[in-house]
Amino acid sequence: TFKVTLNTPTGQSVIDVEDDEYILDAAEEAGLSLPYSCRAGACSSCAGKVTAGEVDQSDESFLDDDQMDEGYVLTCIAYPTSDLTIDTHQEEALI
């Protein structure tokens with residue numbers, strides 16, 4: 001289990017996420033309302049930016065290598081591989 005800190009427009013939340021659980025799903029289970037659309041890694045609605053830690057988002061098909069290198073993540077298909085911090089609601093930054 002990893003500690004995932006989510007920095008949202010309304011404040012900060014820390015949730016526990018299993019290494020085989022998508023970050024978006026865990027956030028919803030914790031009662032948080034994060035943006036999403038396709039839930040398949042094919043759009044940018046759920047995009048966040050990792051500011052600390054690592055994720056596995058090998059199922060994504062939307063972000064390019066430069067965006068991933070900059071830390072962008074699709075929370076609907078991202079698994080934590082360490083404790084991490086994500087700034088949520090980053091779709092506008094990608095467009």
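Every residue gets a Cβ built from N, Cα and C, even glycine.
Annotated features in Swiss-Prot:
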BINDING   C38, C43, C46, C76  [2Fe-2S] cluster binding site
DOMAIN    2-92  domain '2Fe-2S ferredoxin-type'
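Positions of Swiss-Prot features highlighted on the structure.
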{"residue": "C38", "record": "[2Fe-2S] cluster binding site", "contacts (Cβ under 8 Å, 6+ apart)": "S45, C76"}
{"residue": "C43", "record": "[2Fe-2S] cluster binding site", "contacts (Cβ under 8 Å, 6+ apart)": "S37, F62"}
{"residue": "C46", "record": "[2Fe-2S] cluster binding site", "contacts (Cβ under 8 Å, 6+ apart)": "L24, L34, P35, Y36, S37, R39, L74, T75, C76, E91"}
Using the CB centroid of C38, C43, C46, C76 as the [2Fe-2S] cluster site centre, which other residues of the same chain sit with their CB within 8 A?
L24, Y36, S37, R39, A40, G41, A42, S44, S45, F62, L74, I77
